[in-house]
Ligand code: ADP
Ligand code: MG
């Protein structure tokens, strides 16, 4: 019943065997039952989202902070360095873009303290290509039906409405409108292999519903068909582009020389980039770690002491591995007690972090080399596991001990210096078996879930 409901609701993904075609599809893995989430922590995460929107937007406009924060990282991390070069190049030329659109997702786990109480701890904030806002708009209906079939009609009525797809489309539509050209289109910058296309279609179709035209193009299409006019308006395939919504571009492997050239062309243009390259840099793990230093939030958000306090309350321990005494000390602590920490490089998309023995080995090897500074260390969050069934095509049904990660979508639009939209746009709950340390839904580890507030 659950699988039929998921297929019927459109919780879909293309298959590994036919990743380029939609004629054979399957459901996206999901939990049989919703998972319990403490109501107070859920509400805390929703409330702090507008603050995080403000913060990301502030970081993206603060050249001095980005320069200082990433100085050590870009010496050793080529990918971040190349993003940073483009960032400096477009600043030197002068920005043609005047409208800014941020779509992010702040992810949290519920850390279980010694006394058994849970605390909200941010894992990271995704400022580029944050996914599953579309499909998660459809999973609550599936879980509602499952609960009813189980005779839990009352419980079914408690599941929250949730429609990030609409919220994200609202932001894109607002940016499109402020760009100010009826003819112009929204361009989704998509991957070569688009298995998660239905998630994107949810947002895309919301735009078509508003009579906004959407193009889907890859970097190489932009390289071949893209150009700027004298006032740096972007044209792709003969059409003026008002908004570029990146669902690609956050891992080094996608960039060859041509794709870097395409990225630079987009960044130089007047089109609203979601995100612009500064906002992508604001989402790096190194920035996240520097934000946790005492006094930094206060400097970035002067006049917002309450927002600063709400943001700080969600931070886990984060540690710099920059060269020097501070880095030496924390590296030694982590080598002695690796299970307390997670070692993170400047990468997105899951599967890059190091834990336990592997963390110890890698840190041992790089502790005296500059390579160390391409990583940060973070306290490991330890949530209370709960039992659930993870439904996956071709997999046997078995009960697993699971932990969940809550994401809150944020959307904001700024015109010049004026913030014209700042909202939380819904949530995403992902759940995985505890034996997996890392990895999201796209990586095949976590599955879609629905929070049941308790
Ligand atoms: P990515 O950009 O690859 O998504 P994340 O920081 O979100 O990087 O880490 C990937 C996954 O690793 C998370 O979804 C979570 O399951 C796990 N993880 C990350 N940080 C921690 C942490 N501090 N404690 C426990 N698990 C973590
Ligand atoms: Mg993540």
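Using N, Cα and C of the backbone, Cβ positions are placed for all residues, glycine too.
In the record from TrEMBL, residues 124, 126 bind Mg(2+); the candidate from 325, 326, 348 listed for the same site is 348. The binding-site residues near ligand 1, defined by a Cβ under 6 Å from one of its atoms, are 124, 348, 380, chosen from 124, 126, 200, 348, 355, 380. Other residues of the chain with a Cβ within 8 Å of the Cβ centroid of 124, 126, 348, the Mg(2+) site, are 105, 107, 125, 127, 128, 130, 250, 283, 349. Of all the binding-site residues in the list 126, 348, 355, 432, the shortest Cα-Cα distance to residue 195 (substrate binding site) is found for 348. For residue 380 (ATP binding site), the number of other Cβ atoms no farther than 10 Å from its own Cβ, over all displayed protein chains, is 19. When secondary structure is read from DSSP and collapsed to three states, residue 345 (ATP binding site) falls in the strand class. In sequence order, 124, 126 are the binding-site residues from 124, 126, 345, 355 with a C-alpha within 10 Å of the C-alpha of residue 105 (substrate binding site). Ligand 2 lies within reach of none of the binding-site residues 248, 345, 432, judged by a C-beta closer than 6 angstroms to any of its atoms.
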